[in-house]
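A.B. asks: Below, the features straight out of Swiss-Prot:
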- 1-61: domain 'TGS' (DOMAIN)
- 242-533: region 'Catalytic' (REGION)
- C333, H384, H510: Zn(2+) binding site (BINDING)
Amino acid sequence: MIQITLPDASKREYPQAVTVAEVAASIGAGLAKAALGGKVDGKVVDTSYLIEKDSALSIITAKDADGLELIRHSTAHLLAYAVKELFSEAQVTIGPVIENGFYYDFAYKRPFTPEDLAAIEKRMTELAAKDEPVTRRVLPRDEAVAHFKSIGEHYKAEIIASIPANEDVSLYREGTFEDLCRGPHVPSTGKLKFFKLMKVAGAYWRGDHRNEMLQRVYGTAWATKDELQQYLTMLEEAEKRDHRKLGKELDLFHIDDHAPGLVFWHPKGWTIWQGVEQYMRKVYQDNGYQEVKGPQVIDKTLWEKTGHWDKYRDNMFTTESEKREYALKPMNCPGHILIFKQGIKSYRDLPLRYGEFGQCHRNEPSGGLHGIMRVRGFTQDDGHIFCTEEQILKECVDYTTLLQKVYTDFGFKNIIYKVATRPDARIGSDESWDKAEQALIESLRASGCEFEISPGEGAFYGPKIEYTLKDAIGRQWQCGTMQVDFSMPERLDAEYVGEDGARHRPVMLHRAIVGSLERFIGILIEEHAGALPTWLAPIQVSVLNITDSQAEYAREVAKTLQNQGLRVNLDLRNEKITYKIREHSLQKLPYILVVGDKEKAAGAVAVRARGNKDLGVMSIEAFAQQIASDIAQKA
């Protein structure tokens, strides 16, 4: 007898080995129809998987996260099937699931066109409607190599040839198409109903620029029509908010081919930058951080001690001078330890908090660069706290409270909290890990935060809290971090004198709130669709005259507001006022002030707020009070 334990702890017995599909059918016809796969003792499998011993089983449907993964994986195969039907000379390579969808790489004699993409998607819909069964078979490695060579699929043959000779490989077939795959997959193509092909791009075989260029077709797939439509609507909204597009329209910054992955800030963009930096500098000052500054170029011997030279060298920019090798720093932490080590530190000095607006460089691959969100040169609000194990809890509580205030001030209300715990490969004693993990968890509880545990996702040198922002259109951005580090103080021999007179290692807490300022400003631009809150807006108010006779009065108004510390633009051009209002509105300014003869005579201004709101005529003093209130409230 085979005993199956279901998620509700109920048990079912079967006289002999049984498939996942058969168990689903024995529970009910509805479940049998909805089943996409199963999870047997924690492992996701096909519905055809044969259970031969007592096991725990949950049936996977489209409502489950694993079900969506199965749908996307199988839709990637459906894409390859359709391409082979329409372009028989194309060779298939790989097709993994990615966030929100999948892609598949093809070798073909020419790039696919938008018309090709439409035809492929149409063929996918037709193949799905045929509801062809998806079946699995297993072959010895060499047999599988010979099979794919015989049908002209040389990329597949190359992939399989790299697998150890004594291993078998699994193949999945739907209709006339068969592909190498570990699986699992949905039971038939009819389960794949809600998908869309998004774009085609170039990609090198095996990610190596020395290899052939392939065609990468991206797609998305969802469990329901509504979810697909919501995702496509979100993408449309994201396109309108794209910081690269808004950066150009609002004249904030540009990226130049002369310096790929590095940002040229224009005056208005740099004003935003300075606003963020000055705000964060005040955060340092108000919360017991001492601001420091370290060099950008550091001898490789330091990076050898920290382990970066072994593990991270490919991502570092290096240079040589006088027969010494140097690297542009990819992170600030080693420099802060060198500062900590200057002079004897006592337990009375702890916790010691350093903060730096540290410029870092990382040699990101060109394909991964994205506007100002993913760059090669960036500045972090990088802080490091040197403390004892007993001080971790309070430092984390204080940090979380501070982070929440900062995010609220920038307009973010929705924060997701995750605690990443010890991985199998780690340094430090279990006792130290217990203390650190407990401190992180207790700090979030003390702050009233709901959080998730991510088992095994901590770094080898310590656990961490990840703080993720959810933006106006539901996207998630991981910005803040609180990382416990037992390793680097040891590697770089940081010490303090304890109450007992002996030397001890401090614990190092790496913390960032906004992270990369470049990336955070990109997130801000997209969150607010370019209409930044008044306190951050590069131009807070534009003063417009209607005719030349009000020009001098307009200058006086602008000067008065500038003297109050406001960022003011004065537009005295001889253009129609409607044209000027429209032009400044497109720049998403918080306020536009119009002055005509009536306003001049009354010593007043006509006020328009963002969103084409007419606030009527105000005295200059009343307007100044209103905008000052906006700034004070971070509105």
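Positions of Cβ are set from backbone N, Cα and C atoms, glycine also.
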A.B. asks: Under DSSP, the domain 'TGS' (1-61) has how many residues in helix, strand and coil?
C.D. replies: 14 helix, 25 strand, 22 coil
A.B. asks: Once the DSSP letters are reduced so that anything not helix or strand counts as coil, what is H384 (Zn(2+) binding site)?
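C.D. replies: Going by the DSSP assignment, H384 (Zn(2+) binding site) falls within a strand, counted as strand.
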A.B. asks: State the count of C-beta atoms found within 10 angstroms of the C-beta of H384 (Zn(2+) binding site), not counting that atom itself.
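C.D. replies: Other Cβ atoms within 10 Å of H384 (Zn(2+) binding site): 26.
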A.B. asks: Long-range neighbours only, meaning 6 or more apart in sequence with Cβ under 8 Å: which ones does C333 (Zn(2+) binding site) have?
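C.D. replies: When sequence neighbours closer than 6 are ignored, C333 (Zn(2+) binding site) has T306, D382, H384, D485, M488, M508, H510 within Cβ distance under 8 Å.
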A.B. asks: Looking only at the region 'Catalytic' (242-533), what is the mean pLDDT?
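C.D. replies: Result for the region 'Catalytic' (242-533): average pLDDT 93.
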A.B. asks: Determine which residues of the same chain, besides C333, H384, H510, have their CB within 8 A of the center of the CB atoms at the recorded Zn(2+) site, and list them by sequence.
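C.D. replies: These residues sit around the Zn(2+) site: M331, N332, H336, D382, G383, Q483, D485, M488, M508, L509, R511.
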A.B. asks: Which state, by DSSP, holds C333 (Zn(2+) binding site): helix, strand or coil?
C.D. replies: helix
